[in-house]
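The feature domain 'Kinesin motor' is assigned by Swiss-Prot to 3-325, with sequence analysis given as support. The annotation ATP binding site is assigned in Swiss-Prot to GLY83, GLN84, THR85, SER86, SER87, GLY88, LYS89, THR90 on the grounds of sequence analysis. Per Swiss-Prot, coiled coil is recorded for 341-414, 527-557, 696-786.
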Amino acid sequence: MEKICVAVRVRPPAPENGASLWKVEDNRISLHKSLDTPITTASHAFDHVFDESSTNASVYELLTKDIIHAAVEGFNGTAFAYGQTSSGKTFTMTGSETDPGIIRRSVRDVFERIHMISDREFLIRVSYMEIYNEEINDLLAVENQRLQIHEHLERGVFVAGLKEEIVSDAEQILKLIDSGEVNRHFGETNMNVHSSRSHTIFRMVIESRGKDNSSSDAIRVSVLNLVDLAGSERIAKTGAGGVRLQEGKYINKSLMILGNVINKLSDSTKLRAHIPYRDSKLTRILQPALGGNAKTCIICTIAPEEHHIEESKGTLQFASRAKRITNCAQVNEILTDAALLKRQKLEIEELRMKLQGSHAEVLEQEILNLSNQMLKYELECERLKTQLEEEKRKQKEQENCIKEQQMKIENLNNFVTNSDFKRNQSEDFIISRKTPDGLCNVNDTSDVPGTPCFKSASRSFVVARSNNYSGLSDFSPMVHSLGDVADEDTWMKLNKGFVADLDQIQFTPAVKCQPTPLSIATTECPRENHSEVEDLKSRIQLLTNENDSLQVKFNEQVLLSNNLMQEMSELKQETLTVKEIPNRLSESVANCKDVYKDVIVTMKSLITDKESPTANLLLGTTEITTSLLATLETQFSMIMDGQKTGSSIDHPLSDHWETLRVNLKNTTTLLLSDAQAKDEFLNSHNKGQETAALEEKKLKSELIIIKERYNELEKELCLDKQLLEASRESHEKLIKEVQFLKEERDSLDRKISQSTQRLRVIASDKENALKDLNVEVKRRKDMEEEIKHISIAFATRHKSFVSFHSEIKSKMQKLTTQNSKAP
């Protein structure tokens with residue numbers, strides 16, 4: 001328990017007002033008359049009193065520095081300036097470039113102190129707010145206006161939505177302060193050109209922990225509040241009106257409530273009335289600093305002029321009442337299980353040191369047993385952690401296996417999509433074959449394979465990751481994130497008319513840090529593993545359904561392959577039919593040749609004179625025609641054998657025909673001597689030549705059609721062969737993949753069953769271990785209680801032994817004196 005440190009500072013008087021009526025002597029301030037005679041009723045003593053010549057540096061060194069150092073060590077701290085308007089509060093807290101105020105000096109001193117502490121690491125967060133017309137505004141984030149005050153069981157009183165900046169050096173904080181000062185409300189009155197129209201609170205949250213063994217040490221969290229209050233004012237003096245008048249009303253109201261709170265807290269009687277913290281936003285925020293867990297200092301500033309005497313007296317009365325308030329400041333620590341275990345070890349060592357030198361071997365043995373049990377407990381914890389990590393690793397392997405199954409299913413989907421594409425391609429090809437002329441359109445590009453459109457992976461196999469990680473927020477948590485938070489209006493309704501004892505309200509009981517039972521944490525592990533096994537079973541069911549659908553698609557693909565095979569057989573039959581056309585033409589030419597020979601024989605039999613020109617002409621024509629028919633047979637045989645192309649067949653036939661025609665013409669010219677025979681021969685020759693030309697053209701056109709049809713059929717046959725080969729490969733791949741999926745499914749089922757069995761065994765082992773651990777912990781507590789009882793009994797016996805020894809000694813002395821007196 002310690003009292004609030006209170007100091008009074010007198011600002012220098014204005015040049016036109018003359019000397020000050022307040023006299024400062026050591027730590028006492030008194031009011032003197034104009035003749036320099038003191039007024040006995042106007043004298044006050046405080047922890048520190050600073051006269052007109054004091055500087056901000058001296059105020060900080062004597063008043064605030066110890067609180068700043070305590071805040072670095074883990075204590076809550078608060079410093080604020082109180083007084084009337086124009087008395088120097090803002091100058092004391094903010095200062096100037098040549099003489100920085102308490103806020104800037106505190107910021108620099110905090111970081112200097114941190115650099116001197118090498119065995120701990122620190123994290124500092126700052127926020128800057130103002131209370132303007134009973135509304136809380138964030139000076140670091142202009143958009144955060146009209147913030148609300150809430151209370152949490154662990155955090156205590158806090159402002160929801162207030163922005164907090166994590167800082168690393170003093171310069172960064174000073175820049176934030178300068179940016180916040182720009183957003184603060186100032187105004188001009190008759191008493192002050194630059195008057196503060198709002199209360200400002202600059203807050204630093206300092207967290208620290210040890211560097212050597214951070215996992216086994218407690219975390220210290222302290223809050224440092226540096227408050228610059230707006231000054232109380234009288235309307236008659238300030239001449240305020242309009243907005244300034246409204247601001248002055250809210251300022252005077254909050255300061256009046258602050259005075260009431262100080263008055264209630266300074267009452268020394270046991271039965272104190274209800275303390276109205278909730279009547280004002282200012283007192284609600286400063287509740288821990290006023291009669292709570294904090295080291296607090298108040299700087300009361302007064303004006304030395306004669307016309308401000310009444311306001312100065314009121315300020316001194318406020319300071320006198322505040323001086324009687326006591327706080328119970330303690331280090332704020334967050335204890336982990338490791339830190340609690342470390343402290344228990346230290347307590348055991350202290351008990352061991354106390355028992356040294358006494359006859360307590362049994363107790364020493366018990367302490368040793370407790371230490372061994374504690375060691376076993378630590379080893380058991382490590383073993384459980386190792387098993388948990390092993391289970392997590394196995395779970396990760398199962399997830400990887402499931403992902404591999406997903407990839408394989410994606411590949412099967414791609415194969416099925418490719419097969420569907422090929423089936424559509426085959427259907428388009430069959431339709432394109434059935435043109436009105438019965439021929440294929442070779443210029444049609446619809447059968448050209450394109451890039452297949454693969455299906456996207458099924459979303460049912462995608463495992464959603466839980467992002468449990470959340471970085472450090474820039475703002476305090478909002479009220480909806482805290483389940484046990486009551487808002488300000490609810491607290492106001494609950495506390496109206498309520499009268500409570502200050503001893504019950506003033507102090508916050510220390511919450512004991514009890515270790516969380518491990519059974520609660522560990523019994524959730526089998527449930528979680530069971531849910532994971534159920535999830536795996538559902539995924540296996542999905543894989544089975546997908547496999548069935550793939551089997552159906554595979555059957556469809558087999559049916560499509562059979563249809564393609566039937567189409568291929570029809571195409572082969574048509575190809576054989578086309579290949580038989582040259583044979584038929586060759587047979588027709590042979591028949592024509594035989595008929596022609598019969599006609600020639602008949603004509604020769606009709607000619608009696610074999611030496612006549614007609615006989616000679618008939619003989620030459622017979623030779624030429626026979627040669628022509630033989631040439632046609634040779635060309636057809638070449639076409640059937642596929643030894644020549646179309647271009648190599650046309651030119652030899654036409655050249656040979658031209659040669660035969662020239663030979664026929666020469667023969668007729670030599671053989672025909674008379675004009676009548678010549679005319680008859682020419683007429684018959686011209687008719688035969690025209691007939692032969694027509695036959696030649698007809699044969700050429702038929703030959704061209706046959707070649708085109710043959711080439712088209714060859715192309716169709718090649719394309720059908722390619723489609724058939726692709727279908728066979730796809731069919732074989734699908735069969736292999738289905739077989740592989742069945743094997744993978746069976747292996748996955750075996751793995752899941754094995755994992756389930758292992759999880760059950762591990763869960764049973766964990767339950768047994770936890771039961772043993774609880775038994776050991778209970779036994780350890782019982783032993784500690786026995787040690788305490790034995791220590792108390794030992795101390796009692798020791799006291800009785802000492803008293804008995806002193807009594808015997810006194811009796812011995814009496815006997816000695818009696819013996820010496822006896823003659």
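Keep in mind that glycine also has a Cβ here, set from the backbone N, Cα and C atoms.
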Fewest-neighbour residue among binding-site residues, criterion Cβ within 10 Å, set GLY83, SER87, GLY88, LYS89: GLY88
Taking 10 A as the limit, how many CB atoms besides its own sit near the CB of THR90 (ATP binding site)? 24
In three-state DSSP terms, the structure that LYS89 (ATP binding site) belongs to: helix
Sort out the sequence-distant neighbours of THR85 (ATP binding site) for me: same chain, 6+ apart, CB within less than 8 Å of its CB, listed by position. THR189, MET191, ASN192, SER195, ALA230, GLY231, SER232, GLU233, THR238
For the domain 'Kinesin motor' (3-325), what is the mean per-residue pLDDT, to the nearest integer? 86
Starting from the Cβ centroid of GLY83, GLN84, THR85, SER86, SER87, GLY88, LYS89, THR90, the recorded ATP site, name every other residue in that chain with its Cβ within 8 Å, sequence order please. ARG11, ALA81, ASN192, GLY231, THR301, ALA303
Neighbour tally for GLN84 (ATP binding site), based on other Cβ positions within 10 Å of its Cβ: 23
